[in-house]
Amino acid sequence: MLHHHCRRNPELQEELQIQAAVAAGDVHTVRKMLEQGYSPNGRDANGWTLLHFSAARGKERCVRVFLEHGADPTVKDLIGGFTALHYAAMHGRARIARLMLESEYRSDIINAKSNDGWTPLHVAAHYGRDSFVRLLLEFKAEVDPLSDKGTTPLQLAIIRERSSCVKILLDHNANIDIQNGFLLRYAVIKSNHSYCRMFLQRGADTNLGRLEDGQTPLHLSALRDDVLCARMLYNYGADTNTRNYEGQTPLAVSISISGSSRPCLDFLQDVTRQPRTLQDLCRIKIRQCIGLQNLKLLDELPIAKVMKDYLKHKFDDI
């Protein structure tokens, strides 16, 4: 029955033949069929072109041949509105992506959005494809594109704990304070001290509160009784007098959840009673004046190494 159906549908037969050739990496057959007039831009039931198929399968030589014969990498599928570059990002096919990005379509595909507003950079960050993230940024992909839910690639990398991608994106000046300080608050909520330290060292604002309740990272540290996070936040300039929308300071929050002595409560009581030293105030102000984008250039300042280390918080006991 299938044989009879295929005989009556030569187009379907050709489609299956060229897909089988791609799956097998049979470039000779692929090239021959294209030269005989087979279109590289035909679409299957899912809206996939042969470029989608070969990019997802990692068939680099087939991708090259399809591009040489007029394949259009801007075509989006019917599954989620993904281009072939999205699928290359999903599977970490950096060499295939480079072929597409070096084509005349680069500006049309590098920031192309799926139905949910995901760019290839969102996909690469989500799946932890660090070499792919580097490649997209090398070709000047937008570093902070927003999905339909307002999410950036950096946020996805944080949530999925893709540490390498996080560092790469931050090195390319991704907005560390996106969504009013989401990243630092997320690190605090998850008690991820390494992320917390990384964001603080890179200049994350310690005093941005959630839009829904005004809770700052220090309030959240108090809620979690996380004295290590609280100490880091304080050292990097968190204001112990900032109030949430209920009028509570971090100390008041800590007291409200504990009737007895707790590490974070004890720490907040100590730092709230006494003012910061002039030395610490100067460090906080100098880091603010240097600015987010220039903190990584501290080593180039014409000052003593001990001062550079101090500005980097290398002497903090945390």
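A Cβ is built for glycine as well, from the same backbone N, Cα and C atoms used for every other residue.
Feature annotations, courtesy of Swiss-Prot:
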- 13-42: repeat 'ANK 1' (REPEAT)
- 46-75: repeat 'ANK 2' (REPEAT)
- 80-109: repeat 'ANK 3' (REPEAT)
- 116-145: repeat 'ANK 4' (REPEAT)
- 149-178: repeat 'ANK 5' (REPEAT)
- 180-208: repeat 'ANK 6' (REPEAT)
- 213-242: repeat 'ANK 7' (REPEAT)
- 265-318: domain 'SOCS box' (DOMAIN)
Under an 8 Å Cβ to Cβ limit, what residues of the same chain, 6 or more beyond the ends of the repeat 'ANK 6' (180-208), are close to it?
154-155, 158-159, 166-167, 170, 215-218, 220-221, 224, 226, 228-229, 232-233, 236-239, 242, 287, 291-292, 295-296, 312-313, 318
Would you kindly list the residues that approach the repeat 'ANK 3' (80-109) from elsewhere in its chain, counting only those six or more residues past its ends and only Cβ-Cβ distances under 8 Å?
49, 51-52, 54-56, 58, 60, 63-64, 67, 72-74, 115-116, 118, 120-121, 123-124, 127, 129, 131-132, 135-136, 139
With a Cβ cut-off under 8 Å, give me the same-chain residues at least six positions beyond the ends of the repeat 'ANK 4' (116-145) that come close to it.
80-83, 85-86, 88-90, 92-94, 97-98, 101, 106, 109-110, 151-154, 156-157, 160, 162, 164-165, 168-169, 172-175, 178
Are there residues at least 6 beyond the ends of the repeat 'ANK 2' (46-75) whose Cβ is under 8 Å from a Cβ of it, and what are they?
18-19, 22-23, 25, 27, 30-31, 34-35, 40, 82-85, 87-88, 90-91, 93, 95-96, 99-100, 103, 105, 108-109, 112
